[in-house]
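**Student:** Feature annotation from TrEMBL assigns region 'Domain I, interacts with DnaA modulators' to 1-100. Feature annotation from TrEMBL assigns domain 'AAA+ ATPase' to 172-308. The ATP binding site annotation in TrEMBL covers 183, 185, 186, 187. Residues annotated as region 'Domain IV, binds dsDNA' in TrEMBL: 356-475. Annotation source TrEMBL lists domain 'Chromosomal replication initiator DnaA C-terminal' at 383-452.
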Ligand code: ADP
Ligand code: MG
């Protein structure tokens, strides 16, 4: 029987599988490919630097044990990092990095630093003394890691956040982009990273700012002829956290200035943390060069929490508030509110409030009433206005643009989608839909509905628009 890279690796995997959680195995080991075996050295291919760092940090021991079993005491592991080709160029970006020498695997490994940025570089523009200016971090201490409960839905983002907090600017997660739907904890996690950094490195300048406020500041600076001061201010930050970067869509001036600030910080080994309600691939009207920067580090998604996580979030909240609540009620709330942690918290808060104000005992019936009210309250009525709002928000244009007479393709498509959904989700007539969406006639609406039907069966991107918007309209 001949020994191949594959056979050696399969044996390792068998051993590893027996010794770690199934989910972890699936996440961290299934994507690995064994590519080469020479003597006692096995090369495995991993999909990113993050992967490599994660394996080194968490699984190097088990890797060593399993590989030594297979190849003896001189066993050596070589990682080959093969990143996804994300920029549309055909040439995949490949890099070969020997396993860092931690004495874990016997080898003549060289420790290749992953980070080739020198943190020592100084900003030549910084006015002497300005470092002493105290910059308020704008962080909310209540948003801590401790309070950010872990679950499958957020494990990757949370751990990456912790890694960044331990070594700001010193990991390959730079920038760290946290993305996910409304109310899933992006803002909380972004603050937690900042709070933790401030705790561990009090001398570091950390700044949290929403993209909206950043934009406003920039507009003001331009008005007051202070553009350079604005840029210099941001260039002295050690850890810059920008929340909801999707807000920069279509704002080319702000994107431009952010691009320069970003480059400066990144080159100087400073940490950038971003949040967004979309993955980089789904961001519209963000310049390509900025998008490609977003993809330099790690994009980690926050997903909808599963039932167990929802229960632990509720229990944690109750515990912190010093309130006791029967398990069946907690289960009931967790079962019925699924897609948004903010709503989950909202429901439990009103439940507590109801019972304490009205001195009512918390019963399943009370929970049912409140959850129902809560779910109903958050359900928006589907009107043609609302549809136009959702569609124009989705494409990051305003309603006036959507209704305008322009023939620009993406605007026409947005308008047609609005008409299509108005037909689908309301009882309004074609004529009435037309008159409300930019004063068009019924034939235009009919044509729009047909076009959307056609396009969604032929154009994959377009079908995704339809699916995304349907989802938004049916929550
Ligand atoms: P987003 O910025 O994604 O819209 P937020 O960060 O504002 O969401 O989170 C909404 C609420 O849910 C906050 O009160 C936050 O503390 C809470 N929350 C979200 N995720 C978690 C979690 N994993 N553990 C505890 N609380 C959470
Ligand atoms: Mg937020």
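Cβ atoms here come from the backbone N, Cα and C positions, even for glycine.
What TrEMBL says about a protein is an automatic prediction, not a curated fact.
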**Student:** Over the region 'Domain IV, binds dsDNA' (356-475), what does the predicted model average in pLDDT?
**Tutor:** 87
**Student:** How do the residues of the domain 'Chromosomal replication initiator DnaA C-terminal' (383-452) split into helix, strand and coil according to DSSP?
**Tutor:** 51 helix, 0 strand, 19 coil
**Student:** Please work out which residue of 183, 185 has the most C-beta neighbours within 10 angstroms of its C-beta, and give that one of the binding-site residues.
**Tutor:** 185
**Student:** On a count of neighbouring CB atoms within 10 A, which of the binding-site residues 186, 187 is highest?
**Tutor:** 186
**Student:** Considering only the binding-site residues 183, 185, 187, which possess a Cβ situated under 6 angstroms from at least one atom of ligand 2?
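**Tutor:** The qualifying binding-site residues are 187.
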**Student:** Would you identify the secondary structure of residue 185 (ATP binding site) according to DSSP, in three states?
**Tutor:** coil
**Student:** What does DSSP give as the helix, strand and coil breakdown of the domain 'AAA+ ATPase' (172-308)?
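**Tutor:** Secondary-structure composition of the domain 'AAA+ ATPase' (172-308): 69 helix, 26 strand, 42 coil.
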**Student:** What other residues of this chain sit with their CB within 8 A of the center of the CB atoms of 183, 185, 186, 187, the recorded ATP site?
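**Tutor:** Apart from the listed residues, the neighbours are 180, 182, 184, 188, 189, 275, 302, 341, 342.
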**Student:** Which numbers of helix, strand and coil residues does DSSP report for the region 'Domain I, interacts with DnaA modulators' (1-100)?
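**Tutor:** The region 'Domain I, interacts with DnaA modulators' (1-100) comes out at 45 helix, 24 strand, 31 coil.
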